[in-house]
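Some features that TrEMBL has for this protein:
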BINDING   His86, His88, His140  Fe cation binding site
Amino acid sequence: MEQTEVMKPETLDDLIKVLHKIFESDNINVEEVQNIMEAYDSNPQEWMKFAKFDQFRYTRNLVDEGNGKFNLMILCWGEGHGSSIHDHTDSHCFMKLLQGQLKETLFEWPDKKTCNMVQKSQRILQTNQCAYINDSFGLHRVENASHTECSASLHLYSPPFKTCQTFDQRTGHKNTVKMTFWSKFGERTPFNFIETTCCCPMNCAWMSLKKSPENGWRLILGS
């Protein structure tokens, strides 16, 4: 498949424009999308406005709706936060690290003859790396294993989906869950009382941007 000729995206806005151009076609070149996302050098000053952290869980923050072809979002992972084992509802999933590290564990689809789910592989993704998965690869779990550093990742899902299946590692039992956004375009979405949020001023996670000569710009998550 012929690739669209693109320049290295210098900013997040440039990346979004290139992605819109690529997804004008109904035929997705996975390698092209993965390469262009990896080519973008993460700059916290560009994506900080979308990065909304919660004290108790990871968050999904919508950045761009991709003209209905894809959803682009930033997932924010506090110390020790992780996802359930889940599928991707027959969609393409691209995951680029914007900051920190994330551990990705890949699993086989559960077999009715066995109970425990079988782990296929595990890897640590570093800042600016871009991973790819779809349901033919299996299922995965993503987690920030650090107890001192928060992480942020840029995800592209095509086509967008509103539900997925989560799996119990011990039994393989699956549940269908609704996918929600903690924020859209930098603004908090309406939430239910059952949600766990850090809205209490006495027990609230906060985030700031600090710069050091050694590490450059870093997100700092505190309480």
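Cβ atoms here come from the backbone N, Cα and C positions, even for glycine.
All chains included, 18 other C-beta atoms sit within 10 angstroms of the C-beta of His88 (Fe cation binding site). With a cut-off of 8 Å between CB atoms and residues at least 6 apart in sequence, the same chain places Leu139, His140, Arg141, Cys164, Gln165, Thr166, Phe167 near His86 (Fe cation binding site), listed in sequence order.
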